[in-house]
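Novice: Feature annotation from Swiss-Prot assigns N6-acetyllysine to K3, K39, K94. Annotation source Swiss-Prot lists domain 'Thioredoxin' at 3-105, citing sequence analysis. Here Swiss-Prot flags K8, K94 as N6-succinyllysine. Under the heading site 'Deprotonates C-terminal active site Cys', Swiss-Prot lists D26, citing similarity to another entry as support. According to Swiss-Prot, the feature disulfide bond maps to C32-C35. Here Swiss-Prot flags G33, P34 as site 'Contributes to redox potential value'. The S-nitrosocysteine annotation in Swiss-Prot covers C62, C69, C73, and the record cites similarity to another entry as its basis.
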Amino acid sequence: MVKQIESKAAFQEALDDAGDKLVVVDFSATWCGPCKMIKPFFHSLSEKYSNVVFLEVDVDDCQDVASECEVKCMPTFQFFKKGQKVGEFSGANKEKLEATINELV
């Protein structure tokens with residue numbers, strides 16, 4: 001399951017609630033073509049990796065979160081463990097997304 005993040009407080013709460021689990025955050029926008037292309041794959045990964053927390057942040061709805069996380073383009077995927085960022089890349093690269101999850105989980 002992918003959790004939609006609606007606010008900075010909800011983002012921080014989701015990171016805190018994850019504990020030791022890997023958190024994968026998809027920063028995207030409704031007008032972004034590559035974001036739309038990778039979204040179904042991102043959701044399928046959330047079914048496959050039940051021990052990983054998947055979050056979605058719409059950069060237009062949560063500009064403060066995107067700004068704090070220094071997101072420059074979409075889609076950007078960031079990876080967190082224990083509240084600390086442990087990885088990041090930009091672009092709709094399915095292979096890299098799954099490989100990074102496997103590397104960090």
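Cβ coordinates are placed from backbone N, Cα and C, and glycine is handled just like the others.
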Novice: Based on Cα distances to P34 (site 'Contributes to redox potential value'), point out the closest of the recorded positions K3, K8, D26, C62, C69.
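Specialist: Ranked by Cα distance from P34 (site 'Contributes to redox potential value'), first place goes to D26.
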Novice: Please compare the recorded sites G33, P34 by how many other CB atoms fall within 10 Å of each one's CB, and tell me which has the fewest.
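Specialist: Checked G33, P34; of these recorded sites, fewest Cβ neighbours within 10 Å: G33.
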Novice: How would DSSP class P34 (site 'Contributes to redox potential value') in three states?
Specialist: helix
Novice: Based on DSSP, tally up the residues of the domain 'Thioredoxin' (3-105) by helix, strand and coil.
Specialist: 44 helix, 29 strand, 30 coil
Novice: Just counting, how many other CB atoms are there within 10 A of the CB of C35 (disulfide bond)?
Specialist: 21
